[in-house]
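Here's the structure we're looking at; comments come further down.
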Amino acid sequence: METGRTGLDKFTIGNVILNQSNRCVGHIVLAWLFTAWVCYNIKKEMTFFVFTRQRFLASPEYASTVQANTILITGVPHSLLCEKSLAKLFANASGNVEQVCLNRDLKEIPDLYERRIEACNKLESAETALLKSAVKSFDKRIEASVGSDNKDSGEVDLPKLESLLTERNRPRHRIPSKKLPFAIPFTGSKVDTIDWARKEISKTTAELERARSVLRQEATSSKTSETVIAGAKLGGVVGLVSQIASIGKSQLEKGEPDDSSQKEKSSTQTYPPLNSAFILFNNQTSAHLAAQTLADCESLKMSESYINVAPDDIIWKNLSLSPYETKVRLVISFSISVGLIILWSFPVAFCGALSNISSLSHQYEWLSWLDTLPSPVIGFIQGVLPQVLLAGLLMFLPVILRSLAKFEGNPTKSSLELLLMTRYFFFQFIHVFLVVHLSSGITSTLPRLTSNPMSIPVILVENLTQASNFFLTYIILKGLTGTAIGFLQVIRFVGYYSKLFVLRSNPRTVYHAKYSLHSASLGTLFPTITLLASLTIAYSISSPIINGLACSSFFLFYVLYKYLFLYQLDQPTSGETGGLFFPKAIQHIFVGLYIQQFSLAVLLFLAQSSDNGQTTTIEGVLMLGLLLSTMIFHAYIKHTYGPYINYVPLPSKGSSNEKVKLDIASGLDSSGSTDNPLEKQLPEWVGQSLSFSAGTKPFDNTSRSMKRNDSTVTVNLDDDETEEVLSQFYHPAAIEPQRVIWIPADNLGLCFDEVRGCLDAGLNASTAHARMGEKGRVDVNDCPPEMAARM
């Protein structure tokens, strides 16, 4: 039977005569088979993921790092704001506390540190610009002397910097007025950048040392006022941490200071402790046990703990927030997010309406002039233009949402990215799917809906499926344009050559441009891909042509990201989550399944015969049954695999020799039989291919000694190693020395005068591994001096 549909509409469910129930049997069968296939793959991949993650977490290379054995506790009450109290508390809960590091309110110290960093950047850029101008001036002088009649064929004496450049040619910049808290462009007094930067670095360094001295004294006073456990080591370059190696039963029974005494003690300190602390255990199992322990029965106190914390992953500014401040910020951030969803819905709805502009031109007289346009123009307006506008609207969202997630108070960058992944996906799903779907389908049927309200079910069934045409174009354009932009890397290409050949880049900028790899923003990368997967699943039955287009796009994305992650992108050890983005991506797949099954059920229930009778009620009931089955399977996946995602299981004992072995790491008891139910579900090749040994990427967060005891990695620190380990969990402003001023070496030897000038001002400076060519082009062949000294 003809339905009058043309083009891509022929391939949608709207082209089926829904009042003939036999036509719907195919959709029901395919929906059940497709859902079963997706659920099978989800279970298979989740089993593989959990096994791989547990093998990774339990591998000696990772389990021996500070990151694997440290937890971050926030919301610590005043009564526990001392190293001894926290060590005793968690030793009682999980044992094996190695050390405790309290975070302190550093007040002006971070600002001084940032001022010094900014001054160092200005000084390095100014020194490079000065030498480059001097080299060019010398080259011009040589060219002029070669062209003169009284040219001397002898050797040319190397000039002094003062003879090549006047005071007016030296780098200068404006400093804002001290009366204003902010800088106004083109105002303020001009100063010599090099002289100003040297004085600023010397000044901030002196102020930092004075502040750090007070910090050391207060930490030492706090340390000596506590009862130190026999055999414990007192660590820390500034004495900020008391390291607790072991805690006996007698120490656990001693009294603790009350809340009022601890508050009074903190109020007298210049840099009092904050309500967060890092706790390092001497094995990974104890750290994971402590992270799952509810340390305080009061609401919002010590209720948040973060496992696998790396120093470089910490957002230091958020550690000072109390749990109440975090809740308030969460409400504010959520409210702004809701407002953004409402605000963005109007332009996104306009994009959806554009995708159906040919139908709208027939429905509304004021759009009839569009019928006079050539067909290619109409095709561009409703095919390409909506995708371009939608991409532009979504371009700025990641920046806004990431700022909101940071504003909420997330203490680590990895937790921020995980939160951003969920929020960005649902933001895109609401706008790209729901708003576009409704605006594209309903706008074309609005006149008929208002003129004949009784025909609403039939009209919706006939026209809402037309919105699938927008997503067909969206998916294929994402695959083509997204991969093309990813392979070209235009922004990085232009930035690379600009820094090396156009801009006056200093050695540090050149080093980062040549040797530093970029890292992927997984919090925004994953939602982009999972959105396409959810859209494909949602329309896989009602518009089956989307399956072929999606396969083509995903193949292009596979080639793109395989190339990028092999050759261009890096995963810093500090940001390693062990694959926690994957289970979140699986949750996004379920969203696509729910939308598919719910929409099919609605279409089947809305279908009516010519006498307004329901003809596909049974089919609709079957779809609801499928929806319920998917929900049950979803709950099964969360219940089965959820406990294994974040934490490692407890070691199991062998029946004969009482040796402790990790379940997931080996999966074998003393008799050699597998007792891990997850591993039993894996094929034989999996266990052989997953070996985290010497070939894996090292996790060198710290250089500390470790020993292997009964398959459990434990950590023993010597006194000489305590300082290096503990300093990783200090705020950089509390310990970082003055950065070496990196100046390029030039052929005229002018750089040595500049290095001498920096040394006379009390600054560290060097020309190592950096050189300036004849035309003033800077090149480097190794890392910055301070990085080389740490290696």
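Every residue gets a Cβ built from N, Cα and C, even glycine.
Note that TrEMBL annotation is computational and uncurated.
Here is what TrEMBL says about this protein:
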type     : residues : note
DOMAIN   : 69-221   : domain 'CSC1/OSCA1-like cytosolic'
REGION   : 249-271  : region 'Disordered'
COMPBIAS : 251-266  : compositional bias 'Basic and acidic residues'
DOMAIN   : 257-318  : domain 'CSC1/OSCA1-like cytosolic'
TRANSMEM : 330-357  : transmembrane segment
TRANSMEM : 377-401  : transmembrane segment
TRANSMEM : 422-442  : transmembrane segment
TRANSMEM : 471-494  : transmembrane segment
TRANSMEM : 515-539  : transmembrane segment
TRANSMEM : 545-564  : transmembrane segment
TRANSMEM : 585-606  : transmembrane segment
TRANSMEM : 618-637  : transmembrane segment
DOMAIN   : 712-785  : domain '10TM putative phosphate transporter extracellular tail'
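Contacts between the transmembrane segment (585-606) and the transmembrane segment (471-494): absent, as fewer than 3 C-beta pairs lie under 8 angstroms at sequence separation of six or more. Confidence over the domain 'CSC1/OSCA1-like cytosolic' (257-318), given as mean pLDDT on the 0 to 100 scale, stands at 77. Residues 8, 11, 468, 471-472, 475-476, 478-480, 482-483, 486-487, 520, 529, 532-533, 535-536, 539 of the same chain lie 6+ residues outside the transmembrane segment (545-564) yet bring a C-beta within less than 8 angstroms of a C-beta in it. Counting C-beta pairs under 8 angstroms (sequence separation of 6 or more), the transmembrane segment (515-539) reaches the transmembrane segment (471-494) with 3 or more such pairs. By number of Cβ pairs under 8 Å, the transmembrane segment (330-357) is matched best by 422-442 from the list 377-401, 422-442, 471-494. Long-range Cβ contacts of the transmembrane segment (377-401) within its own chain (Cβ-Cβ under 8 Å, at least 6 residues beyond either end) map to 337, 340, 344, 347-348, 350-352, 354-358, 370, 420, 423-424, 427-428, 431-432, 436, 470, 473-474, 477, 521, 523-524.
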